[in-house]
Every structure is written in structure tokens, then in C-alpha cells.
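Novice: According to Swiss-Prot, the protein has these features:
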BINDING   LYS274, ASP279, ASP297, GLU358  Mn(2+) 2 binding site
BINDING   ASP279, ASP356, GLU358  Mn(2+) 1 binding site
ACT_SITE  LYS286  active site
ACT_SITE  ARG360  active site
Amino acid sequence: MDFSIKACDWSKGSTNGFLTGKSDCIVIGVFESQTLSGAALEIDAATKGLLTRIIKAGDMDGKTGSTVFLHEVQGIGASRVLLVGLGKQDAFTQKVYGDAVRAAWRAILGTKVAQVTFTLVQAPVKERSSDWAVRAAILALRELTYKFTQMKSKPDTSTRALKRIVFSVDAADEKLAKVAVKQGVALANGMDLTKDLGNLPGNVCTPTYLGNTAKKLAKDWKLKVEVLGQKQIEALKMGSFLAVTQGSVEPPQFIVLQYQGGAAKAAPVVLVGKGITFDTGGISLKPGDSMDEMKYDMCGAGSVLGTLRAVAEMGLKLNVVGIIPTCENMPAGNATKPGDIVTSMKGLTIEVLNTDAEGRLILCDALTYAERFKPAAVIDIATLTGACIIALGHHNSGLFSKDDALAGELLDASKEASDPAWRLPLDDEYQDQLKSNFADIANIGGRPAGSVTAACFLSRFTEAYPWAHLDIAGTAWKSGAAKGATGRPVPLLAQFLIDRAAQ
């Protein structure tokens, strides 16, 4: 699909061919107040009051997400008009805008419309600009048109009728709207990569596959890449990481991707993604029900790859490093056992009380490795704990950080990106739950506050830099009839990096 911008100076009556230009459909928003403005006023005038008559007849009440198609409209170049309800104007929030936009796209996608002029981006969303609205509209459309069929014997190769979308914006917003198009497409491409990797089965998306994906990404976008194997990981003395992988026949990989968009000596932001390509729980075996979904335990790694792809496509002016420890967690005769004690790269000894708390074991060595980059900030992303799902459900990702400024940046980015996160506590008192009689630290702290103690464990390895942890166990994928990876938290991470690059 091709996205472009057309500027119209409504205040001066300059529509830049808006009414007469070739288009299969013009999308117009109507509030419950039924007051017409901007593009709607122009169309109403050109059609001799058609919109006014439709509204007065009660065919469009303006309620959020309601849609009405008008066919063979006289006086304009488009063959039809789609009216979309926007709800109450004084309550037109980010969420309501998203609901209205998705309703519009669903209506359009149910037709054979090939070219659309889209004016909903002009509607005044509270605390958001029209360029934000453009990007959100692109992401909504790409989300609705995403499909994963490559593992079927006959993949769906059909194409959508919709080919071209023109966003109509005020002349003053044209420059930023064009930037928003670039960002929206880049973000959607990054999310698609993240979703594709998550949706692949564990026998395809292995650690080696993730390593090869990183190499291809580096080649396509001129990134620097290193993919370390078993012997190199052993040489780095990553005993905690190796303890997780030793029960699997799949070799582990330690992936390091570097994007250089800023000054050569500028401190990078480091993203660390958990890459367990299949998690059985190891000797602490998981229940069989829904174990197939443990292919999604690499979604943290997938989000790092997707974010780096988006960052490279946007050409952001900062440096970013992606670190991905990736392996399987399998039971075997040589697998790590509950009660085993391993030594991390940092030198801390860890008593493995539960082999199904493996994500923190691979992340802690990656967080130690991150020190060599002298980072401006480190964010780890992991489908870490079921406890986070119990606490927050499937709407908010869990955010943990002792750095208030960094946490604030991430929360602001989550709101801007419509990719919500909620900050959870990281008080020192929780560390007591991780005490071990036999090692420096235990890898679990019991059932109470499970997501918090997991973050506390990771915090022991992050003292050298500002750090935040995102637990995406509840947000990285959906179950049931809509089963599939969501691409989150790529929007949050990308927005955080966009904001950092602008500083």
C-alpha cells in the first residue's frame, strides 16, 4: 500500500483538488453534535447539502464507529463517500479516534475500493496532533491487513483491492505529516517482522534462525552484527545462560546488533530481548495445556529485531544496540536440575530452584555483557512471568525501574504510541525473597509478587547504568480464536527512541 499526504488550506478555501481529484472514496468524520467542518463542509457545499440532509434524516447519528456509504455522489471526483461516526467532540480522545479509524478501515476493506482520500486525521484528538493521527491511521490499517499464512501448504497470496491512501491535512501540518508517513510505515514493517517471528513454530524459529534473521537485517539495513556460538559464550563465562541451554540439542546464539545513527562516541541505548525459542519449563516441566504458546517466549527478542528494523528505516539520529541471548529450555538427562548452582558472567552464583524461571537466567548474562557499551540506558524486554499477567492482564505491559526519569520517558512513550505500560514497584524489601542458603541469590522468590521478584533478580546485574525492564508476558501475543503475536512493545520502544533522538 502506498501512503501520501495532500495539504489543503481550508481556512483560505484552497482545497488543492481535494473535491475534484481522482479517488474511489473520501472518508469523512461526523461528530454526534452533527456539526460539519473542514472537509465535510466542503463536500456538503459541493453536493448541495447532501451531508446535511443525510444527517437530518437520521441515517448518520455520529456515534463512535458507525459508518454509512454514500454512492454516486454528484459534484465531487470520488465515486463514493464514507461517513464515520466520531462520537462526542468534547470526548474525542486517542482511544475514540482509534476506534473510529478501525471502523473506517474495516468498512473500506469490505469493498473493492482501490484509492482512498482519508480526512479523519484532521479531527481534533485531545492532546494529539494531526501527524500523530496520520501515523496511528497507518498502523491501524496495517494491523487489520496483517496475515500469517506462510506455514500453510497453500499460503494466501491474494492482494487487497486497497492500494493507495491519501491523507488530507491542513497546509500547516504537511511537513510533519510526511514524516509521520515514513514513521508509520517503518513501525508497521518492524511490527510485522516481530509478529512473523513470534508466529513461526519452534521447529522453524530456532536460535539459529534468529541469528540468521539478525544477519539478514544487518545486511539489508547496514547494521553491524555479531552472532556468537557455544564456544564463544563459554569463553565469556556466561554460566547462567549456558545452564538454560544445556538440555537442548539446538545450539545457543548470542546476537549483538548495532545501529549507528548518532555521533561515533555517543552512548547508545541498549535493548536486551529474551530469546527462548521454545520453553518447556525444563525439568520443572510446564503443564501440557497451551504449551504450544511457549513458542512466543522469544517475543522479547523479536521486538528487539523489529524495533531495530524500524529505527534503521526511520534513520533516527542516535545509536542503538540490540542484544539477544537465544536458546531453548528443554528437559533432558543433562539438563539443569532444581537445586543446581551456576555462576553468572558477573560472578554471582545462582541457585536454580525452578528451571522454568529461565528467562532471568539468560538475561542476567546479557545485562552484564551490555556494560561494555557504556550505555546511556538499557531496557530489557521479556515474556518473563505469568505473575505479570495476573497483576495486569493483557492490556498493560509491566514496567520496572528505579530510575524515575527513564521510567517517565517510557510511560510517556507508551501513551503516545497507544502501547500502554504500567509501572510496578521495585522496592529493596522484595530482594529478601531471593535469599539462598547455598548461593549468592536464588532464581525465584516464591509466589508473592512474582513479577516484582523477577525484576529484582535482574536489577542485581544492572548497577552500572540506567535500566528498565518490560515484562510483556501478557501483551506479546493473544490466545484463543485471535491467537497470534501482537508486535508489542515495538511501538513503545520506537516512540521512546524517536523521543530520545529528538533531545
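Cβ coordinates come from backbone N, Cα and C, glycine included.
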Novice: Take the mean position of the Cβ atoms of LYS274, ASP279, ASP297, GLU358, the recorded Mn(2+) 2 site. Which other residues of that chain put their Cβ within 8 Å of it?
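Specialist: Other same-chain residues with Cβ inside the cutoff are VAL244, GLY275, ILE276, MET294, MET298, ASN329, GLY359, ILE362, ALA382, THR383.
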Novice: Should ARG360 (active site) be counted as helix, strand, or coil on the basis of DSSP?
Specialist: helix
Novice: I need the CA-to-CA distance for GLU358 (Mn(2+) 2 binding site) versus LYS286 (active site), whole Å please.
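Specialist: For GLU358 (Mn(2+) 2 binding site) versus LYS286 (active site), the Cα atoms are 12 Å apart.
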Novice: Given a 10 Å Cβ-Cβ cut-off, pick out the one of the recorded positions LYS274, LYS286 that has the most other Cβ atoms nearby.
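Specialist: Of LYS274, LYS286, the one with the most crowded Cβ is LYS274.
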Novice: Whose Cβ lies within 8 Å of the mean position of the Cβ atoms of ASP279, ASP356, GLU358, the Mn(2+) 1 site, other than those residues?
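Specialist: Neighbours within 8 Å of the Cβ centroid, excluding ASP279, ASP356, GLU358: VAL244, ILE276, THR280, GLY281, GLY282, SER284, LYS286, MET294, ASP297, ASN329, THR355, ALA357, GLY359.
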Novice: Return the residues near ASP297 (Mn(2+) 2 binding site) by Cβ distance under 8 Å, restricted to its own chain and a separation of at least 6 in sequence.
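Specialist: The list for ASP297 (Mn(2+) 2 binding site) reads LYS274, ILE276, THR277, PHE278, ASP279, ASN329, GLY359, THR383, given in order along the sequence.
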Novice: Within 10 Å of the Cβ of GLU358 (Mn(2+) 2 binding site), how many other Cβ atoms can be counted across all chains shown?
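Specialist: Around GLU358 (Mn(2+) 2 binding site), other Cβ atoms within 10 Å: 29.
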Novice: If you count, for each of the binding-site residues ASP279, ASP356, the other Cβ atoms lying within 10 Å of its Cβ, which residue has the minimum?
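Specialist: Selected from the binding-site residues ASP279, ASP356 on minimum Cβ neighbours within 10 Å: ASP356.
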Novice: Any same-chain residues 6+ apart from ARG360 (active site) with CB under 8 Å of its CB? Would you list them in sequence order, or say none?
Specialist: LEU384, ASN443, ALA454, PHE457, LEU458
Novice: Which whole-number value in Å describes the distance between the Cα atoms of ASP356 (Mn(2+) 1 binding site) and LYS286 (active site)?
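Specialist: With the alpha carbons as reference points, the distance is 8 Å.
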Novice: Could you say whether, by DSSP, ASP279 (Mn(2+) 2 binding site) belongs to a helix, a strand or a coil region?
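Specialist: ASP279 (Mn(2+) 2 binding site) sits in a strand per DSSP.
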Novice: Please classify the secondary structure at ASP297 (Mn(2+) 2 binding site) using three-state DSSP.
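Specialist: The residue in question, ASP297 (Mn(2+) 2 binding site), is helix (DSSP, three-state).
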